[in-house]
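Annotated features in TrEMBL:
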- 14-133: domain 'Ig-like' (DOMAIN)
- 145-241: domain 'Ig-like' (DOMAIN)
């Protein structure tokens, strides 16, 4: 069974004076193995560092690690366990690691790193997250997604395109829209999580793009690319309109 870590950055800082937190590329690991997440930031005044865990399907954050400074990192209750599920380090002010041992399904979550000059942390300081997904059905074969763009929906000022990826397992995908060779990030709404069919165990996910009518012309080629991540490789499946 594979475990997939998808890491991406949240642009939550109102200005650069607060500092930046750096991210890692995507990582793969096997079930029951150990992974280490790394958080790096560029502000030496941010002595306080926090690791939070947001369980899949929930809204609230749980404080997992608190660090008051260099060489200080404390696992919070109830995450302290006899089998040492979590371990954290703070070898320098601008860097911390979170180690998760013996990966299992319950470890599917978003792991946030945040820094501050104060003990109190606010949502505006949450700048980086690590998404950890585990595949709970070891008997289901890995299957690439079927990708298609549905017929467009036309409103007064905009055209809505819907990209549907379905019949894939596990749910390790990302979606991007392009027009020609240009990436599109505005007016894009992608489902936060893939949904799973209870019988087949296959997943599906959709993404919607709104395009101004004057830009939706025969000369413009819109493409939806679904990237499917596996422990051994990465593949892209596309649909064009």
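Quick reminder: no glycine exception, Cβ is built from N, Cα and C everywhere.
Source: prediction; values computed, not measured.
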Determine the mean pLDDT over the domain 'Ig-like' (145-241), rounding to the nearest whole number.
82
Summary of DSSP states over the domain 'Ig-like' (145-241), given as helix, strand and coil counts
3 helix, 58 strand, 36 coil
